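Participant: The structure under discussion is supplied below as structure tokens; questions concerning it will follow.
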Amino acid sequence: MGDNRWLKNSFVYLIILVAALALFFQYLGPGASQTEEKGIADVIADAQAGLVREIQAQAGDEQIIVTYNDGKKYRSRLESADSVMRLLADYGVPLRNEQGQRTINVIVQPAPAWGGLLSIFTILLPTLLLIGFFVFFMRQAQGSNNQAMSFGKSRARMFAGDKPTITFADVAGQEEAKQDLAEIVEFLKFPDKFAALGARIPRGVLMVGPPGTGKTLLSRAVAGEAGVPFFSISGSEFVEMFVGVGASRVRDLFDQAKRNAPCIVFIDEIDAVGRQRGAGLGGSHDEREQTLNQILVEMDGFDTNTNVIVIAATNRPDVLDPALVRPGRFDRQVVLDAPDVRGRIEILKVHVKGKPLAEDVNLEILARQTPGFSGADLMNVVNEAAILAARRSKRKISMAEFQDAVERVAIGGPERRSRVMTDRQKLVVAYHEAGHAIVGAALPKADKVQKVTIIPRGQAGGYTLFLPDEDSLNLRTVSQFKARLAVSLGGRVAEEIVFGNEEVTTGASGDLVQVTRIARAMVTRYGMSQRLGPIVFGEKEELIFLGREISEQRNYGDEVARQIDEEVHAIVSEAYETAQQILLQNRAVLDDMANALIEYETLDGEQLEELIRRVKPLTLDFSKSGSTTPNGRTEDRPAQPDAPQMGLGGPSPLPA
């Protein structure tokens, strides 16, 4: 594409035109003949001597072509605009002999219709070229100026509504959100129906939710269903290096929208420009605030009669300016969350359309294996499965490709079978992963073990996949948290039991980070400590739909901090003892599973179930624990969805 950029330059076309004219005059224009030139006096003398056979002339042209008796041709030029006949008569050149036969054949051709114009053009060509160069350079200078002035124009992309490409049929897994947005479609299609009852058309809809849940897709589906134009722009496209550009682009965007009303304006990632004024980590930002003020005026200012609906998407609703999200601007908030199992089935059905599937593919099983996956994750799973099937030269996508794709998306990265591991490393990783699996199988409150492997994938030397219960994604009990802590410590405990304290590796580093985070959250966030009570310690500012804390204000003293550390240590120690007790009771199963992993590298299905059935279950007694609550349940924010968990989250263990 970049190689053809020079074709768009008008200067190139000007050069081509000049070259074409030069070639025309050189080979096709007047005087293009290559015959030899002879003076008119010599021609008259030769004619008097009877050496000339024919003279060709053209009306209005001074040039003549003389043909001699021997066939040679010469060019000559008349001294004036007089005709050839008069010139020959003046010099007494006879055109006929005594017998009346013509001795010199004089041919006078009429002037061509374009000859005069061509002559005029030939004379004016240098002047036209100078004017052309002048206009060209003036336009270049004007273009540079217009480019600078175009900063104030909106960068929104418009999609016509007469040919919708996306409708509600293309969106699955968000039925409640579709119902809310279906009313927006009715507002756009039948505004009189609501106006007759005194209902006011909503000015805006704010869609909030984690990344990949379909906010942009739903907004385009609304435009497709309503059959109206759709303007799409990102919140970061408003503010530029020049002052006032953001407000100018907002005005231009809404001017375009009003000219195409009824229509939809979609602003993606509106938190980039709609952040609360005078707030944030960097303080105030005059240009961004000026842009936000213009958005506020356009959405609910003096001109409120336009049929333009603004749909905005963000995963940071907590930082938006209160004036932006008030009723009258964004009248509705539509929350999109990770789909449940029924939603995932419908999403998978949408994405597998047009793809050849093998007979063993079961979308319901696949949906149950992907709790916490967003719509974008499921789309990626289907695409990765298709890529794997093509790589394996298959004509249909089988369940094996879908299983590999789920692990690839959940853990990150392909299997690294080419990675060379020593026998010692394989042994350590095998016992580590077997420890995770056996502890998980022995605890009733733990997630179900789905697969154990020592094949490296991504940055993990091996991993254990657990299938969380759908009901536990939003609500976690104390027993579930403690079971998860014990499972996470199972790999470290297995290494200690088999190889001793001095031979424990760094393979459990990721597990220890996860254990510490969960235990501290139980004490400081969920109030699951009898010693400290149901109190939240520390005021946290969080990214609500991103699952990361960006700051925490400490609102407790040193003594309370010491007690928190003691409680966290007690919870982790209890989980460590639980994992140790389970593995000591099931040492034979631990050895057999580790040996099977070394031999087969991956255990799943019936082979894994046979080993798990031999594990002796253990029921935790929380009556003596110092970290329970009266009801034993707490709300777990959906900010950190539990995708299939892997036991070994960090780098592979170092050789002992």
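Any Cβ shown, glycine's included, is placed from N, Cα and C.
Residues or ranges marked as topological domain 'Cytoplasmic' by Swiss-Prot: 1-10, 138-656. Residues or ranges marked as ATP binding site in Swiss-Prot (evidence: sequence analysis): G209, P210, P211, G212, T213, G214, K215, T216. Summarising the annotation, Swiss-Prot assigns Zn(2+) binding site to H432, H436, D511. Here Swiss-Prot flags E433 as active site, drawing on sequence analysis. Per Swiss-Prot, the feature region 'Disordered' maps to 622-656.
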Participant: Apart from G209, P210, P211, G212, T213, G214, K215, T216, which residues in this chain have a Cβ no more than 8 Å from the mean position of the Cβ atoms of those residues at the ATP site?
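Facilitator: Other same-chain residues with Cβ inside the cutoff are A313, N315, L336, S374, G375, A376.
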Participant: Which of the recorded positions H432, E433, H436, D511 has its Cα nearest to the Cα of T216 (ATP binding site)?
Facilitator: D511
Participant: To the nearest Å, how far is the Cα of G212 (ATP binding site) from the Cα of E433 (active site)?
Facilitator: 31
Participant: Whole-number Å only: compute the distance from the Cα of E433 (active site) to the Cα of D511 (Zn(2+) binding site).
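Facilitator: Taking the Cα atoms only, E433 (active site) lies 12 Å from D511 (Zn(2+) binding site).
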Participant: Of the binding-site residues H432, H436, D511, which sits closest to P211 (ATP binding site) by Cα distance?
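Facilitator: If we rank H432, H436, D511 by Cα distance to P211 (ATP binding site), first place goes to D511.
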Participant: Whole-number Å distance between the CA of K215 (ATP binding site) and the CA of D511 (Zn(2+) binding site)?
Facilitator: 33
Participant: I need the least crowded one of these binding-site residues (G209, P210), counting other C-beta atoms within 10 angstroms of each C-beta.
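Facilitator: Selected from the binding-site residues G209, P210 on minimum Cβ neighbours within 10 Å: P210.
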Participant: To the nearest Å, how far is the Cα of G209 (ATP binding site) from the Cα of H432 (Zn(2+) binding site)?
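Facilitator: G209 (ATP binding site) to H432 (Zn(2+) binding site), Cα-Cα distance: 37 Å.
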Participant: Of the binding-site residues listed here (H432, H436, D511), which is spatially closest to P210 (ATP binding site) when Cα positions are compared?
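Facilitator: The answer is D511.
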Participant: Quick check for the class: what is the C-alpha distance, in angstrom and rounded, between D511 (Zn(2+) binding site) and T213 (ATP binding site)?
Facilitator: 28
Participant: Three-state secondary structure of T213 (ATP binding site) from DSSP?
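Facilitator: Where T213 (ATP binding site) sits, the three-state DSSP reduction gives coil.
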Participant: Across all the protein chains here, work out how many other Cβ atoms are within 10 Å of the Cβ of T216 (ATP binding site).
Facilitator: 16
Participant: Can you tell which of K215, H432, H436 has the least company, meaning the fewest other C-beta atoms within 10 angstroms of its C-beta, among these binding-site residues?
Facilitator: K215
Participant: Where's the emptiest Cβ shell within 10 Å among the binding-site residues G212, G214?
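Facilitator: Minimum Cβ neighbour count within 10 Å, taken over the binding-site residues G212, G214, occurs at G212.
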Participant: Can you tell me the CA-to-CA distance separating G214 (ATP binding site) and H436 (Zn(2+) binding site), as a whole number of Å?
Facilitator: 35
